[in-house]
Structure formats: structure tokens, C-alpha cells
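A short write-up of the structure that comes next.
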Amino acid sequence: MERSECLFSNSFLSCFSSFDHLVPYTDAISSMASIVDQILNKNHNNVLWFLEHDHLYTAGASAKSSDLIANPQAPIFTTDRGGKYTYHGPGQLIVYTMLDLKSLYHNQPDIKKFVSDICKWLITSLKEVGVHCITDEENIGIWCFDENHNKKKIASIGLKLKKWVTYHGVAINISPDLSKFNFINPCGLSSHSISSLEALGHNIDTSKLRSILIKNFLIMFNIND
């Protein structure tokens, strides 16, 4: 994680930000793999990594060729995370979560509980900046309603486990170019179901949201400062 700023650190968790540049996807994957292995070997604490990528698409473990509607004229990466196709780019807040669920849940790791807690974490944090969100029983992620009361997805969750250590993470659409989603069925959904906080009328300061996310993560998982 070169050129990363440490926003918080104790013996249990470190939070890094790489918002002075767009992080190449291959560099992020390499860094995640290294940190996960160090966590497994007890040589690194847990990590939240906040960043943005340049325009790219990723195909998760459940991706279908039929969900790639047209050539997006941007790199497409095959990944080992859960989920289908998605888009990453400027204006989208990525939080990579490299976390040992055994330590997070006191030797009672539970991936379903973790996903549920991640959703609660995002909803609680977004509420603090005036955005009211919900979950969906059929689709993992975070949703808001537009002015016509249509449900719009504004955050995606895609994870992978390695011996109870998570990696990959969440993507929050702050102000990305939503037209980029038109080349795919994002997460198997119509691109029309995807929106951003900006498109829904919310002017969000990313650095403020980042600080709120860190604060609420510490509270949710009872991590002492």
C-alpha cells in the first residue's frame, strides 16, 4: 500500500487511505493478498483500506458472460470475490476489508453475521450524513429511494474468505459516472437500478464519510481507540 496515509491504528486494526491517487487494481490485489497472508501468519493487524480506482470492471465468481452487454472500452479483471460484474472508477469510495473474523467475533466466526454487520455499518454511517438507506432481502447491498420512490442501489458488497480472513470489500457510489454501468448488468441487475448519492441529491464529503465509517466500525466491533 504505497503512498497510503494511516488514519487510525492500534494493535487490532489499522485504517489506511490512498486518496491522493487512483490505485491500480492489480496493485490493490497484490497488496490485499500480502496483507491477508500476514494476518494469517499473525504478522499484521486487521486492515480497512479506503481508496479509488481508475475506470475498470471486475467479474466475480458468479459472473455470467451474458451480463457483459457491450465492450466497455476499459480493463476487465476476473476476481475471486463473490458476486457478478461490477464497475469501479473515480467518485466511488472503495473500502477493502482485510479482517480476521476469528478475532473480530471472539473465536466464533460467522460470515453471514459479518455481511449483516457490514450492511448495518454502512446504513448507520450514511444516516449520519443525511442519507437514509435500507437492505434488500433478495440482493446483497445498500439501497436508497429516489424522488419517485424507486429503489436504487448505491453500495455493493463483494467478499472472499481465506481461512476466516476476509478480503475485497465494499464500494459506495458517491459521484461516479453512472453511464459506465450501462455496459454490464451490475451484480446481475439492470443498470437502471444503480444510482449514486450525488444523483439522488446528496452532496457528500468523502473525507467526512470516511471518518464516520472508521468511527462507527470501532463502535460496532467494540474496538478500543
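Residue positions begin at 1 at the first shown residue.
Using N, Cα and C of the backbone, Cβ positions are placed for all residues, glycine too.
Record features, source TrEMBL:
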ACT_SITE  CYS187  active site, acyl-thioester intermediate
BINDING   ARG81, GLY82, GLY83, LYS84, TYR85, THR86, TYR87, HIS88, SER156, ILE157, GLY158, GLY169, VAL170, ALA171  substrate binding site
DOMAIN    42-225  domain 'BPL/LPL catalytic'
SITE      LYS153  site 'Lowers pKa of active site Cys'
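The residue listed as 'active site, acyl-thioester intermediate' is 13 Å away from VAL170 (substrate binding site) when you measure Cα to Cα. DSSP assigns CYS187 (active site, acyl-thioester intermediate) to a helix in the three-state reduction.
Residues listed for substrate, ARG81, GLY82, GLY83, LYS84, TYR85, THR86, TYR87, HIS88, SER156, ILE157, GLY158, GLY169, VAL170, ALA171, cover a largest CA to CA span of 15 Å. Counting in whole angstrom, ARG81 (substrate binding site) lies 12 from CYS187 (active site, acyl-thioester intermediate) by their C-alpha atoms. A straight line from the CA of GLY83 (substrate binding site) to the CA of LYS153 (site 'Lowers pKa of active site Cys') spans 15 Å.
Mean predicted confidence for the domain 'BPL/LPL catalytic' (42-225): the pLDDT average there is 96.
Long-range Cβ contacts of LYS153 (site 'Lowers pKa of active site Cys') within its own chain (separation 6+, distance under 8 Å): ASP136, ASN139, GLY141, ILE142, TRP143, PRO186, CYS187, LEU189, SER193, ILE194, SER195.
DSSP assigns GLY83 (substrate binding site) to coil in the three-state reduction, outside any helix or strand.
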